[in-house]
């Protein structure tokens, strides 16, 4: 097993001669995080919803004539796991900020909960915004639009906004290919807006004041 010894480098690692990175998936419960990981890595779709506490496994992905080892970490979105969830964040290279396009609350929570939480604990990790369940989007409804996702991506300074569907097998490879590219390529990461940067600095200051994660 790969030991991530250098905290929050955001630079990937080498394991058994292959480039490796740790990817953590966060977002509200039931937005499709587990389905995303299983559909991508195993081609499976769970038949029933079972809330995740912690789950992690590795997957070898072939991309650009090279093999990459992806260490995938699934996390619980429920509030009762708020104190435990950050234990999975250490040494993360990429964080997937996930919401369901047919669940506006999950979209709003990216800005109010998930992005601030990630910046608080692992502010050097790259972030990819992922809109899941695009196969369930209905025109003329209150569903989150592609433009709204693009705008939020730019506001938060995410590497990219990608829409995906585990059931329809849309965008799955793109999510993880982009994750690899943002770590092992030299392309600059978009800068967050001034407002977002100010919030991140405030979050970092709060982190320095906290003495214990678990009580």
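Numbering starts at 1 and runs along the chain as displayed.
Just so it is clear, glycine is given a Cβ too, placed from its N, Cα and C backbone atoms.
Annotation source Swiss-Prot lists GTP binding site at 30, 31, 32, 33, 34, 35, 135, 166. All protein chains shown were included, and the count of other CB atoms within 10 Å of the CB of residue 32 (GTP binding site) stands at 29.
According to Swiss-Prot, the Mg(2+) binding site annotation covers 34, 52. Taken residue by residue with DSSP, residue 52 (Mg(2+) binding site) is part of neither helix nor strand, so it is coil. For residue 52 (Mg(2+) binding site), applying a Cβ distance below 8 Å and a minimum sequence separation of six or more within one chain yields 33, 34, 74, 75, 76.
Annotation comment: Swiss-Prot describes 43-54 as motif 'Switch 1', evidence class a curator's inference.
Residues or ranges marked as motif 'Switch 2' by Swiss-Prot on the basis of a curator's inference: 74-93.
What Swiss-Prot lists as region 'Disordered' is 194-215.
Residues annotated as compositional bias 'Low complexity' in Swiss-Prot: 195-204.
The compositional bias 'Basic residues' annotation in Swiss-Prot covers 206-215.
Sequence annotations record features per position, and here Swiss-Prot assigns cysteine methyl ester to 212.
Swiss-Prot lists 212 with the feature S-geranylgeranyl cysteine.
When the motif 'Switch 2' (74-93) is classified with DSSP, helix, strand and coil residues number 7 helix, 2 strand, 11 coil. Under DSSP, residue 135 (GTP binding site) is assigned to a helix (H, G or I) in the three-state scheme. Using a 10 Å radius centred on the Cβ of residue 34 (GTP binding site) and all shown protein chains, the other Cβ atoms total 21.
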